[in-house]
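In what follows, a structure is listed as structure tokens, so that the remarks can point back to it.
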Amino acid sequence: MGAYAPAAGVSARGCLDAAGPWTISRALRPPLPPLCFFLLLLLAAPCARAGGYETCPTVQPNILNVHLVPHTHDDVGWLKTVDQYFYGIKNDIQHAGVQYILDSVISALLADPTRRFIYVEIAFFSRWWHQQTNAMREVVRDLVRQGRLEFANGGWVMNDEAATHYGAIVDQMTLGLRFLEDTFGSDGRPRVAWHIDPFGHSREQASLFAQMGFDGFFFGRLDYQDKRVRMQKLEMEQVWRASASLKPPTADLFTGVLPNGYNPPMNLCWDVLCVDQPVVEDPRSPEYNAKELVDYFLNVATAQGRHYRTNHIVMTMGSDFQYENANMWFKNLDKLIRLVNAQQAKGSSVHVLYSTPACYLWELNKANLTWSVKHDDFFPYADGPHQFWTGYFSSRPALKRYERLSYNFLQVCNQLEALVGLAANVGPYGSGDSAPLNKAMAVLQHHDAVSGTSRQHVADDYARQLAAGWVSCEVLLSNALARLRGFKDHLTFCRQLNISICPLSQTAARFQVIVYNPLGRKVNWMVRLPVSEGVFVVKDPNGRTVPSDVVIYPSSDSQAHPPELLFSASLPALGFSTYSVAQVPRWKPQARAPQPIPRRSWSPALTIENEHIRATFDPDTGLLMEIMNMNQRLLLPVRQTFFWYNASIGDNESDQASGAYIFRPNQQKPLPVSRWAQIRLVKTPLVQEVHQNFSAWCSQVVRLYPGRRHLELEWSVGPIPVGDTWGKEVISRFDTPLETKGRFYTDSNGREILERRRDYRPTWKLNQTEPVAGNYYPVNTRIYITDGKMQLTVLTDRSQGGSSLRDGSLELMVHRRLLKDDERGVSEPLMENGSGAWVRGRHLVLLDTAQAAAAGHRLLAEQEVLAPQVVLAPGGGAAYNLGAPPRTQFSGLRRELPPSVHLLTLASWGPEMLLLRLEHQFAVGEDSGRNLSAPVTLNLRDLFSTFTITRLQETTLVANQLREAASRLKWTTNTGPTPHQTPYQLDPANITLEPMEIRTFLASVQWKEVDG
């Protein structure tokens, strides 16, 4: 988005040529034979990396070198859809056509061998590449080989850092970098991460970049106060130590702040979209301005150089969708470079050159300085005193949930494709493919997609892409399940279970429920299906009857809630169980509809409880009043209810309004949606629920299942009323007496936990001008408060903004509807199709000791992100996979993974090749009671049941370099020398994972015959 505050070896090529042109493939499937792919990785040794830097231009010693970086920033959707941007459609909205930019840039690079250009968004570049002739592809390969066309970052998109989950970040980066590796070999491998537009930067993002093999990271947006301090202290560039668990330098990443965001210096923009004056060097012309521009440039360069530590500085020469007429840019830059460098003969100490981020980084590394170290992150981001970009943490909550559900579904799709092999892609249901959903999910990670900061029609298009990806994966799942089950049924994927709609379960007297568990450990999962009224019998995979309930729910004013069938499914690791459901001919409700509980001051307190938890509700208000952990004998008063902030439309202090990006409430104290809730109670052997109705547009169900150690709070909000002309930003708030000393804790992209302190920044003295918005942080999976003894943790089902604005309090923003744009470029208020959106979601609440809490929230968050997938079938289908007995239960693992180990990725990579990632999901010292923070060792040789691993190669996180061949630039820090890394060894029978470590493997496999 463009609103920025002013302020190859021959052998490798042979493999590529043998494979033919790169084609769109399924599930990261390469066009290269495995042997060629491994050869490419082996050729990518440290010498190849040095060779990449050796293509950098010559610099001048002892004077200021100004590295001009021509670039374009091409949003993968924002004001226009992805296709509209690529083809240049709807230029009345925004003049932008990516295909013309790339055409023009290649032509301009060929005109002068000194010119350089960087490109970032592989979602666009790959599409352009597929439209080129073989001759043009060779031209581009030559430019890449020469280092004149350089890829920075290399992900499918430039992902957001606040609303993204680390698994989806890794997937989208893998997709983009895989394309570059397949297409250009090591020549096209980016050496620098480049996040010039995301609105704040997470520590986990930097850790992931380091583990991907990047040498450095440059970004554009930095809090205005932080930037001022850094410029004064000469800390615009430093080393980011991005993990408290991984041993340095594993997660160390050299990080630089760009001086002008990602724009050119003022008055030096020579794009067709700009109005700055071109360089006129003919002194006879009345428009002659060369001397003035040269003097101006020298002053700008000298001033910038005062804030950086070496005799090298960088200037970004480009911006949003620029270089559609690249000649206009390059012609003026050619003149500027020649004229400025000519001044050296007159004593100037400034040298200007075409460069790239990697070449600039190379010079910084050669300076051999000692750099300061950063340990925290760059949230929240503000570009002015009342302009905190913390609203987008919660914008478009329905899209955020759809993205998270799609990540869940994609992993199920990838796993079954890997477990079954080609039979999942071509089978009785047709051609199944994981690639469309993989690419759609990659697009959704863009910093104007999952962030909720695009225009409405673009958000609709993002959802369309996800839906199309689901269809293709559903075919794949159907083929895989037919192969594994031995049945060909008409499978039904009930996509609207969140609103209790599933036609098959609501109409059929008999049906089957297949529940697939994507986790590497057994799970007990409560299945909830809408049904007709009656009595149902549920049988497990062995034909034994299991307890079940039909719960009849109260009807709200707006819609009827169908009865729901509940039963607990026992699911094997990385596998499925099949349950059969039959309606009993006689009608007898298993639970009567709950009646409203009147509010009387003398009424006893209402409780729901199981063997682990008791939740107590105030009889006068209907609000949650108290939670008790009965195992630990912990009792905590907890008052939970909903409030809303009145969104600012500007005031006397500032005309800044709340919008898609900005959160700015009119006052610090939010208003209650209601001071009490009408409540209804549901109690059956399988579930206890308190239904709370706060208003016509806000309700909640507090739910407790047998055996569970957490409360489930299922909230429903919307459409938010704005008839009073007040925009509203709705929060769920938990108030407790815990003495938290201004501290609370949030996750970073779903992985490590960061401490937050109210009205505080770790690296500068904060002038807090927005006490609410300035204390909001992104919450991807969890937030908690603790007094050191007790800990209250709330897990989310999507990314949200959250905070603790007073001791003992915790809040999460669940929905927003705004009447005014925040003037950051969208030019559209966040109204969600005008009528507003109704959104449903879940918060999972845990109360435990501070010492034991991590074991609970880590494993629960894993299960929330990768929840079981429910598929229905009418039953009685034809036999499939003749020769093998029918199967009602299956596990893809021969043994469960330990609880501290998460199977992050199992996906098809190529013919007889799989991509495997294993992760230690606990941090150092996080759990001592069960020793879950200790290193853990696995044997991969016979771990999987459907295939045998014949060869195992360990790679970097994104699988574009062999780990043994990968090397990164080394940096000296003021914290002293980093430990010497132990020599690399790989033994498939002894794979050890250290806390927070992710290990990535390419496995050559042979699939086994699927039998009983």
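Each residue, glycine too, has its Cβ placed from N, Cα and C.
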Check your understanding: Hey, Swiss-Prot has Zn(2+) bound by His73, Asp75, His447. Any idea which of Asp197, Asp215, Asp223 it lists too?
Key -> Asp197
Practice item. With reference to Swiss-Prot, specify which of the listed residues Cys359, Cys413, Cys473, Cys494 is paired with Cys56 by a disulfide. Key: Cys359
Exercise for review: Name the residue from Cys473, Cys494 that Swiss-Prot records as disulfide-bonded to Cys413.
Suggested key: Cys473
Exercise for review: Would you mind checking how many other C-beta atoms are within 10 angstroms of the C-beta on Asn990 (N-linked glycosylation site)?
Suggested key: 12
Practice item. Provide the three-state secondary structure of Cys473 (disulfide bond) computed with DSSP. Key: helix
Point to revise | Length of the line joining the Cα atoms of Asp75 (Zn(2+) binding site) and Asp197 (active site, nucleophile), in Å | key: 9
Exercise for review: Provide, as an integer number of angstrom, the distance between the C-alpha atoms of Cys274 (disulfide bond) and Asp197 (active site, nucleophile).
Suggested key: 19
Practice item. Report the member of His73, His447 (the binding-site residues) whose C-beta atom has the most other C-beta atoms within 10 angstroms. Key: His447
**Study point:** Collapsed DSSP category at Cys359 (disulfide bond)
**Key:** helix
Practice item. Whole-number Å only: compute the distance from the Cα of Asn767 (N-linked glycosylation site) to the Cα of Asn693 (N-linked glycosylation site). Key: 40
Review point. Looking at the recorded positions Cys56, Asn646, Asn931, Asn990, whose Cα is closest in space to that of Asn368 (N-linked glycosylation site)?
Key: Cys56
